[in-house]
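Reading through the structure tokens given below for one structure.
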Amino acid sequence: MIVEIRNLIKRYNNNLAVDNVSLTIPEGDIFGLLGPNGAGKTTLINTMLGLTELNEGEIRIFGENFRTSERMIKQNIGIVPQDLAIYNELTAYENLQFFGKLYGLKGGLLKERIEEALKFTGLWEKRKVLPKRFSGGMKRRLNIACAILHRPKLIIMDEPTVGIDPQSRNQILESIKKLNEMGSTIIYTSHYMEEVEEICNNITIIDHGKVIAQGTKDELKNLISLEDRIKIQLTSVNYSLEEGIKRVKGVKECVLEGNTLTVISNKNANNLSGIIEIINQMNIEIQGMDFEKPTLEGVFLTLTGRTLRD
Amino acid sequence: MTILNIVYFTIVRNLRDRRTLMQMMALPVLMILILGTALNSQFTPATIGTSSVAFLNSDGKWASVSFEEFLHLEEIQELLEVQTVNSYDEGIELIEEGDITALLHIPEGYTTNLQQGKDANIEVVSGIQRGFRITIIENIVESYVNRGNVVQAGAMVGIKGLAYDSQNSLKENTISTEGNIPSSMDYYGITMLVMILMYGANYGLFGIAEDFFGTVGARIKSTPISGYEMYIGKTLGTVLTLFCQALIIVFFTKYVYGVNWGDNLMAIFGICLTLSFFTTGFGIMLCMLSPTRKFATNIINLVVPVFTFLAGGYAPLPNLGKVIGKARYLSPNYIGQRAFFSYIYEGATSNTMYFVLFLWGLSLLTMITAISVGRRQAA
Ligand SMILES: Nc1ncnc2c1ncn2[C@@H]1O[C@H](COP(=O)(O)OP(=O)(O)OP(=O)(O)O)[C@@H](O)[C@H]1O
Ligand SMILES: [Mg+2]
């Protein structure tokens, strides 16, 4: 196990940001930490890095703890913070020089690693450019480059794809897979289901600081394969719609998002006509209907009654 | 090595911040020119007027009487307004009340010592606040002593007709006072340099705020380097940035404006370095004590003009009496300015050392405060 966290508790005043979280991350994994805004993902990561003091619990990284092996642990971790952590007054190359030296790289090796990291993130051509002239995606990539040039065993990425175009996002996801193939263990934090679903093996879902589900992707999906999910697009909605539908036989959960109604029912409840009847009674037209396969989004919805982006 | 890396990139980043750099360089250069030209008339020797002194003669023999006569020369009376006192304490009291600038005291045995070829001095006693006036007074007394010693020496070896020549002595006197009074350019060269170094606290503030509390800070803290390496590197980088800027201003004003920086530039640089340390520490401390970075910036932008004003940086303040006179010492600008003035114009190196040491003390205080507050916030 490359990371072991046991009964971790972190409070901000009376706010329990991390509530008794335990998790283990096997070496070589791409580990997904999934949760909505404010779930406690960043707090959890910060406690792992010693940036935030924890209140209770224990963290072991590479089998050691911070008290005895802080330097060794830090030397082998690369962090991609959620907020860009690069200097705008230094060129891409100089940023890497600066952070590389903080990790003890120097001379020819430093140059080599800088080139490697910049080429890896597709920024080599832009190495002499100041980040303020970069696009959002390029900044994100530089943010990653700064975290990998010392070839860390463990790379922690806190929502590395926030606010960028799909093309850059795919590029980043691809590079994460490559880093993993090259031997790094990755902790990947996100509130985008699709991303986590695409690249992660083991996944922990947290909400309000608590672990609500843990397991491999397939294990998590099996949690909800006992259910049917229907998405219904409507022309209009009304307040009592959700209530009405929840009363239909076999319906476990029902959420309205814009004009889309998601209904989760017990497997083979055979209640579709009942649902449609309620909608008809309210004089709402149905525009379309999808029957969905289980997704992590569905897992979250089932477990919390909310969608991830609530 | 890690520290050098931090120092280097701190300087690079500071210098690439063009807007701040322009402000730091252009502002003093312009202000010196504008204030130096506009307020020129305040500084011409004509407006010096007379200085009030008290005179106490504890000797009473012929050599001291000759000094008394000297004080009553018409030319001297244009410069000094002399009142005789009966005791040392009376003179000190007058100084403390701000009625006079200095007490001229001829100690007991003056004439005897002179006759025996021993050291014989006329004491010039002043308050701790040394101004230009005291310099003038000292120059006058010195010119008498130099001259008088010659007369005395002559008398002792029996040369006749070597009487005190007031004409001669006063010419000497005038030349030396002129050389020892800063022109308005000289004055603002110093006050504006000190002011801009104080604004330099912003560099300390931003450097630390960003790295300790900002997002880059999280990255830095997750690297294997320790907090104190970062702190030292940042501090040195900021100090050197400010120091280089001060050097450029000194050289520019010296060669373009002809500002008098004295004849020992190394000492001037020493004071610049001291001030750079102080303002860096000041900025860092403010940053750590303030709830937000913006708040700290506002404090600097509010407090520096007040300090500058209090120190007479924009315009020399008239004699404000005892309380306000003391209040000036609350302004670090005043202490910085005094360090320069005492060195360049008063030849009072020990005073300069005192001011410089005081600034080092303040620097230490700000840094210790910053570190202890910083520790608390990090926890
Ligand atoms: N420095 C802090 N002081 C007080 N409360 C905090 C602090 N940092 C986070 N919190 C609180 O802790 C909880 C968890 O926040 P955290 O940033 O860890 O969530 P997150 O899962 O990373 O969310 P996001 O997806 O928005 O990044 C939130 O309720 C937040 O308000
Ligand atoms: Mg977060």
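Glycine is no exception: its Cβ is also placed from the backbone N, Cα and C atoms.
Bear in mind that TrEMBL entries carry predicted annotations, made automatically and left uncurated.
Model, not experiment: these values are computed from the prediction.
Quick look at what TrEMBL lists:
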- B:19-371: domain 'ABC-2 type transporter transmembrane' (DOMAIN)
- B:21-39: transmembrane segment (TRANSMEM)
- B:187-209: transmembrane segment (TRANSMEM)
- B:230-253: transmembrane segment (TRANSMEM)
- B:265-287: transmembrane segment (TRANSMEM)
- B:299-317: transmembrane segment (TRANSMEM)
- B:353-373: transmembrane segment (TRANSMEM)
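The transmembrane segment (B:187-209) shares the most Cβ pairs under 8 Å with B:265-287, out of the stretches B:21-39, B:230-253, B:265-287, B:299-317, B:353-373. If one looks beyond the transmembrane segment (B:265-287) by at least 6 residues along the same chain, the residues whose Cβ comes under 8 Å of a Cβ in the stretch are 193-194, 197-209, 212, 235, 238-240, 242-243, 246-247, 250, 293, 296, 299-300, 332, 336, 339-340, 343-344, 352, 356, 359-360, 362-367, 369-370, 373. Residues 208, 231, 235, 270-271, 274-275, 277-278, 280-282, 284-285, 287-289, 332, 335-336, 338-339, 342 of the same chain lie 6 or more positions beyond the ends of the transmembrane segment (B:353-373) yet place their CB under 8 Å from a CB of it.
Remote same-chain residues near the transmembrane segment (B:230-253) are listed as 2-11, 14-15, 21, 24-25, 28-29, 32, 185, 189, 193, 196-197, 200, 203-204, 207-208, 211, 220, 259, 261, 265, 268-269, 272-273, 275-277, 279-281, 283-284, 367, 371, 374 (criterion: CB distance under 8 Å, separation of at least six residues from the stretch ends).
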